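Colleague: As annotated by TrEMBL, transmembrane segment applies to 45-63, 75-96, 117-144, 241-258, 290-311, 323-347, 382-402, 423-449, 455-476, 496-518, 538-558. Marked as Na(+) binding site by TrEMBL: G51, V54, N58, S297, N329, L394, D397, S398. What TrEMBL lists as disulfide bond is C156-C165.
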Amino acid sequence: LPSPIPCFLAQPVTPELLVSPSSQDGDLGSECLEDRGNWTGRLDFLLSCIGYCVGLGNVWRFPYRAYTNGGGAFLVPYFIMLAICGIPIFFMELSLGQFSSLGPLAVWKISPLFKGVGMGTILIVSLVAIYYNMIIAYVLFYLFASLTSDLPWQHCGNWWNTDLCLDHHIIKVGNTTFPVNITNTVSPSEEYWSRYVLHIQGSSGIGDPGRIRWNLCLCLLLSWTIVYLCILKGVKSSGKVVYFTATFPYLILVMLLIRGVTLEGAWKGIRFYLTPQFDHLLSSKVWIEAALQIFYSLGVGFGGLLTFASYNTFHQNIYRDTFIVTLGNAITSILAGFAIFSVLGYMSQELGVPVNQVAKAGPGLAFVVYPQAMTMLPLSPFWSFLFFFMLLTLGLDSQFAFMETIVTAVTDEFPYYLRPKKASFSAVICIALFLMGLILTTEGGMYWLVLLDDYSAGFGLMVVVITTCLVVTRVYGMKRFCRDIHMMLGFKPGPYFRACWMVLSPATMMALLVYNIVKYQPSEYGSYRFPAWAEVLGILMGVLSCLMIPMGMVVAVLREEGMLWERVQQASQPAMDWGPSLEENRTGMYVASLAGSQSPKPLMVHMRKYGGITSYENTAIEVDQEMEEEEEESMM
């Protein structure tokens, strides 16, 4: 046989499936697909998934959710929801990505009628990537501000402080010599955040963004530059960076934990965090909060898991990886709670106030409360630098996943044109998202960030995940999906996974969606209430990702021929080239869909070409026999 044509010389004159049987049995297509790339190290995939899932939410959302929803008792619904909703959907996403070696758009060859789900995913991820990198920019700002002998938010008396500013040193003196009324005062760290970093007093609301804060703008530019340099060569570069960004936060977290538990009053905070209040378990709100924490913490529905798995080898043990990542994520969240609340306990003792008065969630914890706590420690700039460096590494690998998802999705749609220029295309995406994020660097940028955070990945994301679950199990078929996993991993998913995919997971997510709609509350930031037009804009963001699904359906139906119902049926069936991307992995039923395969015994063709029967080809024989038996039963 003549040697295959190099990929860079190959021009896509005709689609691969239309190549004649004499065209090297599809060698050209197989060779070119290798350009997509794979993980280069054994731990690249696992560490990338850990880095993606273990993010800012583990530090600033889980501990707060736990203490407000029953303390230690919250772990009961948390792990139940992890088992019902988290692990099964996580495994489903990894399976789809690894089986097809395709991104979140092209993977919908599984059922082209629902390609709009992939479009909705990309819209959601793009919106999240814009504001998530702004949070990383804030972290960079504080990281640089920590490189000093005296933290700038330690004392009052700066130009940005007001008459309401009162630092903790005065409060401590007040506890011993004279009473100080702290009810109408503001901490130096809070004024530093709102009046210096954000300069929010320069904006009257979301409709009045004010001027660009150039120091924030430069931090955002640096953040996007770091992200671009790390994803420059796709998973080959980001897969190496995560060896540091996914593991180093654990080192810092342990250091903060050891420092935290040795502080006076630390156990007061930990007791507040973990004391179980089992009466909370009777409230539906607690179960919903647990499910929400699992849903967003694991990052299901954003396409990151599917994208990472698509760069795996075909027989990678993602079943094992699923349990390592999901349980590791849960343990990290609990560990972070100890690190955070031990310091908050010390802080409450220093200020002479209850723990619940200093405990906050989200940016309030990261940029106000914890920085204030750092000022009370010896060597405060060192601990502050460590804390923000941990947040930086936690945020970056999640951002890598968002960007890799967008780039992979589009390059898989136009592989011949974009794949050779992936670095340039990544640069274009980064520049575009940076420019769209400039409004977040203005004096009123925080209002826009809150709006994006509240609506970009709200009910739209839930609709995407519910639809994916239903399409895979109902339209594609549970039997067929289990056969694919059997062919890939050598065993079928057990009754636990099948029950969750068919009933428990979609039912739980439907309950989440209904709860979110029924309990809808307008966005707010502190005492500021968003105007009606801003609420409408936010809702439209969520609705637009949902509308992608029917829009995709219309396009898919118009591409088919025949009556309307015939078109719908044809569009809902898997595409002709659906299946493993490499020819050597297309055993059993999938060999028949390869270009040039005309044998009624496709597995035999595969064996003659590659020689021998591996354990996975034995699996393919079993799958073929099972299908033949089912056909015979249906004919009887």
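Every residue gets a Cβ built from N, Cα and C, even glycine.
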Colleague: Name them in sequence order: residues not among G51, V54, N58, S297, N329, L394, D397, S398 whose Cβ is within 8 Å of the mean position of the Cβ atoms defining the Na(+) site.
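Modeller: Output for this site, in sequence order: I50, Y52, C53, G55, L56, G57, A246, T332.
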Colleague: Which entry in the list of recorded positions, G51, C156, S297, has its Cβ near the fewest other Cβ atoms, using 10 Å as the limit?
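Modeller: Candidates: the recorded positions G51, C156, S297. Fewest Cβ atoms within 10 Å: C156.
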Colleague: Taking residues 6+ outside the transmembrane segment (382-402), which of them lie with a CB under 8 Å of any CB in it?
Modeller: 48, 51-52, 54-56, 58-59, 125, 128-129, 132-133, 135-136, 139-140, 142-143, 146-147, 151, 226-227, 230-231, 238, 241-242, 244-246, 248-249, 252-253, 255-256, 259, 299, 302, 304, 307-308, 366, 370-371, 374
Colleague: Is it the case that the transmembrane segment (75-96) and the transmembrane segment (538-558) touch, counting contact as three or more CB pairs under 8 Å in which the residues of each pair are 6 or more positions apart?
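Modeller: Checked: the transmembrane segment (75-96) vs the transmembrane segment (538-558), no contact.
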Colleague: Does the structure show the transmembrane segment (117-144) and the transmembrane segment (538-558) touching, where I'm treating 3 or more Cβ pairs under 8 angstroms (sequence separation 6 or more) as a contact?
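Modeller: The answer is yes, given that the two segments have at least 3 Cβ pairs within the 8 Å cut-off.
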Colleague: Considering only the recorded stretches 45-63, 241-258, 496-518, state which has the highest number of Cβ pairs under 8 Å to the transmembrane segment (290-311).
Modeller: 45-63
Colleague: Can you name the far-off residues of the same chain, 6+ from the ends of the transmembrane segment (496-518), with a Cβ under 8 Å from a Cβ of it?
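Modeller: 81, 84-85, 87-89, 91-92, 284, 288, 291-292, 295, 458-459, 462-463, 465-466, 469-470, 472-473, 478, 481-482.
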Colleague: Grab the same-chain neighbours of the transmembrane segment (241-258) for me: Cβ-Cβ under 8 Å, and only residues 6 or more beyond its ends, written as numbers and ranges.
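Modeller: Distant contacts of the transmembrane segment (241-258): 41, 43-44, 47-48, 50-51, 54, 230, 332, 335-336, 338-339, 342-343, 383, 386-387, 389-390, 393-394, 396-397, 400.
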Colleague: Between the Cα atoms of V54 (Na(+) binding site) and C165 (disulfide bond), find the distance and write it as a whole number of Å.
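Modeller: If we compare the Cα positions of V54 (Na(+) binding site) and C165 (disulfide bond), the gap is 35 Å.
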Colleague: Below 8 angstroms Cβ to Cβ, which residues of this chain, lying six or more residues outside the transmembrane segment (323-347), approach it?
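Modeller: Non-local partners: 46, 49-50, 53-54, 58-59, 62-63, 66-67, 75, 78-79, 82, 86-87, 90, 250, 253, 256-257, 260-261, 263-274, 293, 297-298, 355, 358-359, 365, 369-370, 372-373, 376.
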